[in-house]
Every structure is written in structure tokens, then in C-alpha cells.
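According to Swiss-Prot, the features are:
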- GLY128, THR129, HIS130, GLY131, LYS132, THR133, THR134: ATP binding site (BINDING)
Amino acid sequence: MIKTEEKYAQLRTIIPEMRRVKRIHFVGIGGAGMGGIAEVLVNEGYRLSGSDIAENAVTARLKRLGAAIFIGHSADQVEGADVVVVSTAIDASNPEILAAQERRIPIVRRAEMLAELMRYRHGVAVAGTHGKTTTTSLIASVYGQAERDPTFVIGGLLNSAGTNARLGKSRYLIAEADESDASFLHLQPMVSVVTNIEADHMDTYEGDFEKLKSTFVDFLHNLPFYGVAVACIDDPVVREILPRIGRKVVTYGFSEDADVQALNFEQQGYSSRFTVRREGMADLDLRVNLPGRHNVLNALAAIAVATEDEIEDEAIIRALDEFQGIGRRFQQLGEFTTTAGEVMLVDDYGHHPSEVAATIKAARSGWPDKRLVMIYQPHRYSRTRDLYDDFVEVLAQVDCLLLLDVYSAGEAPVPGADSRALCRSIRQRGQLDPIFVAEPEQLQTILPGVLQGGDLLLTQGAGNIGALSRQLADAGLQFESENQ
């Protein structure tokens, strides 16, 4: 067996180091995507530093790995850097960006750095409006089970690995491809996955859905002529663009014309069972440790990629069956005894109407007898404005709704696109009387009067609601007002 040190030495001969680059500085290092790329780079031996406005689990992990972490932004923090990597959330007036420009230090977006990592590897890039993180995690798990030892960069915590990024010793790199700013066009993978295409981040595409679709076509044409596009044919927009793709295409879905087709879907609580049919191969009866039809589609993408790479079926079966999930993707935080009775707490990152609808459907299918109580935090005023009617329709489908204020993500408020407006519009439908929660602290007094024994309490959104959900779990859903 080759020793670890020898394996890394072999890896360096395949993947050349970036010329002249010794120290890399990240601005906005605490984000999952930025932190994942940073973790791979620090493990490759680069000197790493980074800044963000607050500490979190990502910055703490990077600090343990030896990165220099600064809280707050200051011009002197880029001193000595050979390149500065910026997140899409960073404004051009940031003092570190201005200082880098003054010093003629190259400034690159995170996707450009990811592309550099992928340049000499066998890249698998996962794009789409929804399901990227879960699909990327499933592919990484299958490749790990098959002992392919991949490098991966994921937008969420892969529970089995305890991290969202890892430097492997093979030629494989599996990563999410971010369409939010069209920066996924920097990537040149060997395999590209498109899970679905819906209207989101439309400011990037000047409000033009045709431009968004064309950008996905361009992304798939970044594949070499011997590359493979793996596409969900159940999605109508993906199906629509397929005739424009001049590369080999493998389709997946529940549709009869899918190359990798799911049959006999059945949800059993947190897990899903289904049969996979592939042309010229034996059917596979599978269980994936994830709930919902949408997660079966994510699993099909992983199966399609693995099958194309001739990974044995046994590794696919084991990886899906033993999958331990991803942080904040229908993550069950526990069942707690409250004064009202037993309450199950689940946390989910979904923040687009289609994602919220899929989460609600999975909850209803897996736990049909439970009342569904949702605490929802809208993410970005622009998204709330652009998809307002869709949000009103989907949020009205729960049994009890508590709406936190919009998590702005740095955006200025948009009149008529806030949580108070959503409450009014949902109430006018006559199905539900939502509760507006101006400050998260108010949940201490509101929840005891809302929860009932047997409820499924779902915290939903992409802002800081994940931290709130963990606080609720840490407190065991016990509230100060109950003990007074």
C-alpha cells in the first residue's frame, strides 16, 4: 500500500501548484462555499488568511487547520497576499478589495479559484436552482464508498465527514457550481449535472429568463467533447434546453424516457425506497436515507454519474443506504418533551418556493398524522418581491405559520416585499392566520401557546434561522415563560 505522504507527492505531480502563489487571502471566508475552497487550499499547503464580519463554525474549523482568521475588514489584512478571493456578498467598496487593487494584488471570485482547483482534476460540477448541495453530497459519498477518495467542496456540512470540504488523494474533484452570479462559467469539468432550472437570482440575468437558460447551455458546453452532461429530464426547462446541448447527455428522472429512471417510489418516514431502471443493466432496489420525491431525484443524479464512471452497484447501494444527510437539509434535530407533549424539530435550508413546497410535501408524506408548524424566514427582499405570489401560495399549505422578518443579506428593503405583507396576503386567502414575529426572542412567549403534542416544528430558510433552530434544540424546546 502506498503511504499517505507518497500519495500526496504523486498528487502534486498531477496537479501543479499555482505559480508564485504562496499566501491566499479570502474576503468573506465564513460562507460555506468560500470556507470549503479555503479548507482544500490550506490542506494543499498554501498559507491562508481570511476575514469575515463574525465568527462561525466555518471560521473556527479553518483556524484549527492553521488559517489566520480576522473578524472585521481592514486594508492591512491583505498585506503579503499573492491573490485575494472574494465572495459574491462582498461589496466593491470593501477596504480589503480597495487595498488589493492599490497593491495590484489579483482579485478573483470563488468560482475562479474553484476552477483552478478543478483544472488538472477529473471534475464533477453540480448546477441547478435546487438540490445542488444534496446531489453533490450524494455523489461524493458514492465515490468515497467506491474508494475513489475524491476531493469535494459542498455548500453544506456532510454529516458523515463532519465537514463541507475535503482534500482527497485521487484525481476526482466533486463540487457545487453556483449559477447565482453566473460564475459557474469559469468551471471546466468532465461531468456536469443540472438538477433543474427556475427563476432565481434574476438580477444577475437582468430579469431575462431566456438569458438564464442560455447561461446553463453555455455551462454545459464548457464540457470537453468527451465530457458528459447529466440532466434531470423531469424538469420542463431542462428538457427544453436539451436539444441545444452538443455533448453526450445522460438523463434521469421518473419520466419513462429517462436513461436512469426511478420506479416504485415509497417514503417511509425519513427514508425513501425506489427501484432504478437503466438500459442494459439489472434493476436496482434502493433505499436512500433522505425523505421525499425530490431527494430521489438527487439520488438518481448520483447514480447516473456513478454508472457513467463504471462504479460498481454495490458501492452505490451502500452509499445511499448509509447516507447520514447534510446539515440544514431536512435535518432532524430531535424529538422533545414540552408541556404540550412530544414535538419533533426539523431544520431546512430551502428558501425558494419550490424548495419549501418540496420540504412540506416530504413532511406530509413521512409524517401524515403530524400537524405541521413552520417558522419561516424569507431570504432577500428581491427574491420575496420576484416570487411573492408563489411564496404566498406555498406558505399557506402548512397548519400553523410563524413568519420572521426578511433576512436582507445586505439588500435594502423593498416596499411590499416583507414579512408583514406576506402575512396580510396569506391571511386574505382565508386558509391560515399567520403570526408575524418581529424579533426572534418573541418565540419564547409565542411558541408555548402554539405548539401541540405530536407537532412537527419546521424551521425554514437560508438566513440566520439555522442558528435559531439550534438554540431551540439546545434548550430542548423549553421556554422561560413555561417556568415562570
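Using the three backbone atoms N, Cα and C, a Cβ is placed for every residue, glycine included.
Location within the structure of each feature annotated in Swiss-Prot.
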| residue | record | Cβ neighbours (10 Å) |
| --- | --- | --- |
| GLY128 | ATP binding site | 23 |
| THR129 | ATP binding site | 22 |
| HIS130 | ATP binding site | 22 |
| GLY131 | ATP binding site | 24 |
| LYS132 | ATP binding site | 26 |
| THR133 | ATP binding site | 24 |
| THR134 | ATP binding site | 29 |
Same-chain shell around ATP excluding GLY128, THR129, HIS130, GLY131, LYS132, THR133, THR134, C-beta within 8 angstroms of the CB centroid, reads VAL126, THR135, THR195, ASN196, ASN298
LYS132 (ATP binding site) -> DSSP, reduced to three states, gives helix
